[in-house]
Amino acid sequence: MSSDTGDRTWGHLAATEHYGRITDTTDYIQVDKENLKNDPYYNSSQASHCMIFARNNKKTFGVYNPRAAILMQMRFDGNLGFPGGLVDAGEDSIKALNRELTEEMNLDTSKHSVSESSYVVTHWSISKRLCLHFYALEVSLAELYEIEKRALLAKDYGSEVLGTIRMPLYTMGDGYRGFPTFLTTPS
């Protein structure tokens with residue numbers, strides 16, 4: 001253990017580090033929105049994340065139809081994920097997500113903010129006692145380019161967020177490269 005670099009320690013992250021552990025997909029159950037006010041979900045920890053995307057049919061290399069540009073992040077823990085995070089005391093999932101999008105992406109929430117209409121799904125992790133709310137925010141391709149640029153100036157850029165990426169949504173000639181390869185990349 002190195003006290004100079006922080007390697008192999010948790011520091012102030014110790015209380016929530018288990019939320020970042022990869023678990024089996026059988027650990028998650030989908031929760032209907034109307035059940036979120038009931039136990040065990042209501043008293044569970046909460047997290048909100050968002051897929052920011054733009055429809056895009058401009059061919060890549062003149063061959064592959066990308067269908068959409070979807071932003072993801074390289075997180076501080078080495079995993080790829082969507083922007084978002086834990087819901088703090090006194091916040092609801094939408095307020096927390098807009099805060100996280102501002103911190104992590106420098107998103108101008110006066111132009112683009114997550115609302116109830118952005119809601120997609122909630123899953124509950126049995127082992128973590130964590131509700132995971134997922135939202136989708138559609139923007140134009142030009143707006144997505146601006147969001148990518150602004151992300152470099154985000155408060156959390158370089159610490160909590162190490163960069164943004166777009167996932168490829170096409171499959172190349174060998175039937176493997178492109179989206180299938182992306183899906184096999186360990187997160």
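Glycine too: its Cβ is placed from the backbone N, Cα and C atoms.
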Just to be sure I read the record right: E100, E104 are listed as binding Mn(2+) 3 in Swiss-Prot. Which of E148, E160 is listed for the same site?
E160
Looking at the candidate ranges 41-62, 85-106, 107-128, report the one that Swiss-Prot labels motif 'Nudix box'.
85-106
Measuring Cα to Cα, tell me the gap between F82 (substrate binding site) and E104 (Mn(2+) 1 binding site) in whole angstrom.
10
Round to a whole number and give the Cα-to-Cα distance in Å for the pair E104 (Mn(2+) 1 binding site) and E160 (Mn(2+) 3 binding site).
7
Do you know offhand how many angstrom separate E100 (Mn(2+) 2 binding site) and G84 (Mn(2+) 1 binding site) by C-alpha?
5
For the Mn(2+) 3 site given as E100, E104, E160, which other residues of the same chain have their Cβ within 8 Å of the site's Cβ centre?
Q73, P83, G84, G85, L101, E103, M105, A154, D156, V161
Lowest local Cβ density among E100, E104, E160, which the record lists as binding-site residues, within 10 Å:
E160
Please list, for the domain 'Nudix hydrolase' (43-187), how many residues fall into helix, strand and coil according to DSSP.
33 helix, 53 strand, 59 coil
